[in-house]
């Protein structure tokens, strides 16, 4: 790790000896290191999600960790590092999906402590496995559209991970920029989160205006001026107009009604983005069918044979297995069938939003699906939370894999090797995440607001399982979002801006503004150098955040 920092050229890209199971670039040690790393990262992710009501992407942290471990044990390649990192991060979002939803079972008093552990643990494990399998299938199906087609979406986290690995390989000026900014970000985050020497947020006259986060600024820089500008417009609309002036102008009865409008409109626009993507897919499929209408009989027969291709059979079998696990979790047949449909719909939304913003609001997708299911069948609170948990795990797991796929696209990594690595890490992650959920809640005794385990997202899910604000506003926003997406506008970022707190949006916008100004003044070459430095800002905060979580998990702090 020191040689690249000093600018020495260290080439690692020789894949000739890595061909496990006949799959190019896959190695046994990448799976072993990845599985072991997944256990540690998953446990720490569960801890930080419950304790801090937040979960940073571990992607860059595990990229650096994978690089260090593989170099210690001999010659390695960028692709092997990428594959190892893919497995290591796999369980983190499984933990996030569970932590952001299922504590509601304790908050509502349905489950108490570790009572009936064997029964309840199996339900959680079944939900986690089902979500992992659904997420695997969704990412497999959608990879071409969101990663390969026309270069795919930005996926700033995956792009930053790729830049980190490349800098570790090539050394030189870029590595100095990347690791320099990473060290500064890591130390600054330690001062903020552990030593409290710098504030968490910046405020003006008791109004919080910006999150003190190198990660947010770095993410904004990578996303660029267009996405962050639209994001910030959404934030201004909701936080500078709707919330303060809406009630005064008579648009809303009070602040609570204005806040409900903000939530419904933001989520509606995000859902509309997903609907727009689905409409685009359907339109493309129809056009393709019409263009092939005059094809020969041989072509038609060949297309029919594709239905029984190995990939499609694998998709069907994996989906069927996930369905079995939802039944095993105690969710009845009809809701489980509707759950499958819902997951594939929100997977499109998750892929689009994660690719455009670097944020994956997995618990929101869980709420959307469970409320959609409730339109058709009656489900109790337990099933509602289990359904939300399954959707959140699936969305988080696929979002993590899309980030890794993006890094792999930049590095030239074999996606089949990445998929196998993700599944291996995910299997270990589901078991560890399920155990950690019970262990941590049992250790602290209770969960919810004003406890040692606030679990803010789970509290929000618990309050929203019976409804999602104003359905009219939600519907209008969803329709508007779909139309704007089809017109080529980044509506997901607009929805995120409306929904998220202003202080997050302002920090992200600052990064985008810096990139816009840099591009005008210095030109594209300086923009590229800035992207490398911004990747370091993301990585440094992520490394410190995950590192603090791991230490606290083992020390019980």
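Glycine too: its Cβ is placed from the backbone N, Cα and C atoms.
What TrEMBL records for 26-49, 55-74, 86-109, 121-142, 230-247, 267-286, 307-327, 333-352, 417-441, 472-492, 498-517 is transmembrane segment.
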If one takes Cβ-Cβ under 8 Å and requires six or more residues beyond its ends, the residues near the transmembrane segment (121-142) are 94, 97-98, 102, 311, 315, 318-319, 321-323, 325-326, 328-330, 340, 343-344, 347-348, 351, 386, 389-398, 401-402, 405, 419, 422-423, 426-427, 429-431, 433-435, 437-438
Can you tell me which parts of the same chain pack against the transmembrane segment (333-352), counting only residues 6+ beyond its ends and a CB-CB cutoff under 8 A?
134-135, 138-139, 141-142, 145-146, 153, 270-271, 273-274, 277-278, 281, 319, 322-323, 326-327, 360, 362, 365, 368-369, 372-373, 376-377, 379, 383, 387, 390-391, 394-395, 398-399, 402, 492
At a C-beta cut-off of under 8 Å, are there same-chain residues at least 6 beyond the transmembrane segment (417-441) that contact it? List them, or none.
21, 23-26, 30-31, 34-35, 37-39, 42-43, 45-47, 50, 79, 82-84, 86-92, 94-95, 98-99, 102-103, 106, 113-114, 117, 120-121, 124-125, 128-129, 132, 135-136, 139-140, 397, 400-401, 404-405, 408, 447, 453
